[in-house]
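Peer 1: Sharing a structure, written as structure tokens. Questions coming.
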Amino acid sequence: MKENAASRVLFILLLFLFASLLNGQSPPEKPKLIKCRSPGKETFTCWWEPGADGGLPTNYTLTYRKEGETLIHECPDYKTGGPNSCYFSKKYTSIWKMYVITVSAINQMGISSSDPLYVDVTYIVEPEPPVNLTLELKHPEDRKPYLWIKWSPPTLTDVKSGWFSIQYEIRLKPEKATDWETHFAPKLTQLKIFNLYPGQKYLVQIRCKPDHGYWSEWSPESFIQIPNDFPVKDTSMWIFVGVLSAVICLIMVWAVALKGYSMVTCILPPVPGPKIKGFDIHLLEKGKSEELLRALESQDFLPTSDCEDLLMEFIEVDDSEDQHLMPHPSKEHMEQGVKPMHLDPDTDSGRGSCDSPSLLSEKCDEPQAYPSKFHIPEGPEKLEDPETNHTCLQAPQSTSGEGKIPYFLANGPKSSTWPFPQPPSLYSPRYSYHNIADVCELALGMAGTTATLLDQTDQHAFKPSKTIETGGEGKAAKQSESEGYSSEPDQDMAWPLLQDKTPLFSAKPLEYVEIHKVSQDGVLALFPKQNEKVDAPETSKEYSKVSRVTDSNILVLIPDLQAQNLTLLEESAKKAPPALP
């Protein structure tokens, strides 16, 4: 019995369910959110489209939450925006916040929810259409008539505060036309329309759009009637230009017809014929080139010639090897000053390349013929720094026959600057000066050469004036014994004839600090500070007066002359070596 009762109840329930299905009752369909719109970024409204209710009463609920929050809120106002809408007032509106909105449909059979809609109020702004649209025809005196359109921004849009800016779009057309003429007016509230058709009735509409958002709806249509006498275009200027152009063209055609040849000649002048003197056109036409060239040659035309034919090529041969290895002796007496008589004849003839220092060193290694007699004092003497005065020691000394002057005073700077081979046994001590002339005078022996040099260069320079002394007089310097140069037996070098017993260097260093005379060729005539004897070393001589500077920037030093110094200089002049023949 119990089993029969349970089966009966289940059967009854199935009958009721089948009956309900036959009556069309079911859960509601899923609703759809259409859009959300904000008129001015302060409030916004959302609309949805409901689905089938399933034959039962259905309730719709809009819920939302802000991005980053978990709390779900229900729509605050279902009535302000109309049916199936939700209105958010300023209290519930936030800028730069994302809203997640969902609509749910509920009845007795079940519940259905829409897909979520993500809304940012900044980008859903859709303002109301502009208001107060005004149309008016203007007839200014100085310009053409036009249609003046004026409007006002939407009431719910705060444009004056600068919250956002609005762009406008105006469209108009004749009443019976199908296409609209569109004009764009950014941030303006008025517009002028020209070139309207007279006698037509125009329809005008306007809409607006914010910087970020959507275009508003078109405003209601406005009408205006254009009168029949309304000028469309000002063609008077074009008519005047056309008439003037036609007149100018007619005048030009008439002038060409009357004076065609003269005008063509003026515009395109003829090419002038050839006017070369002696040029015969007939000879050129006949092809007789020889006669034509003969005619040209007879008209004072200079014959052409190759410039290279006029040049003479020559080679200057210079085989004088000893001329550069040995200095040239002076040939004039140096009465008015020490002047070099020898001038190098080398004037860019290729001798410079042959007289290179490396080549001269090779030439000096070869055996050469030197003057007949040469005396070298005994006893070699090593120097402290042989590089300081190698210039004079490497060059053989020579005295002129008349002036008794070393060769470095008679030759130019070129003959005495290149190195000569130096025997390893020849050395000279370092002195307190490094002048070339001073060192060379020491090489010849200061005892005999200095006086001769002073007597031969300028005897008028012995008048001392305002002697300047840099060192104290009478100071004795201890010096070692003089040592001469030792000559090697296999070298037969040409040196001037010196005294047999005269040492090559003084026993004590000579400090030349006073100049007697400088010649025009840069030769120094030096005076010692005090006269000294070669055989008996005495106090050092200090030179402190400059006599003159030669053309070659060589100083002539004069000592503080005293009576005993003059006597010693005269004695040394008498002992000077005789001149070589």
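Backbone N, Cα and C define each Cβ position, glycine as well.
These came from Swiss-Prot, pasted as-is:
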- 1-24: signal peptide (SIGNAL)
- 25-237: topological domain 'Extracellular' (TOPO_DOM)
- 129-229: domain 'Fibronectin type-III 2' (DOMAIN)
- ASP211, HIS212: Zn(2+) binding site (BINDING)
- 215-219: motif 'WSXWS motif' (MOTIF)
Peer 1: Across the whole of the domain 'Fibronectin type-III 2' (129-229), what does the mean pLDDT come to? Round it, please.
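Peer 2: Computed over the domain 'Fibronectin type-III 2' (129-229), the mean pLDDT is 87 on the 0 to 100 scale.
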Peer 1: DSSP-wise, what's the residue breakdown of the motif 'WSXWS motif' (215-219) into helix, strand and coil?
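Peer 2: Going through the motif 'WSXWS motif' (215-219) residue by residue, I get 0 helix, 0 strand, 5 coil.
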Peer 1: Within the domain 'Fibronectin type-III 2' (129-229), count helix residues (DSSP H, G, I), strand residues (E, B) and coil residues, in that order.
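Peer 2: Its residues divide into 0 helix, 48 strand, 53 coil.
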Peer 1: Can you tell me how many other Cβ atoms are located within 10 Å of the Cβ belonging to HIS212 (Zn(2+) binding site)?
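Peer 2: Looking across every protein chain shown, the total is 12.
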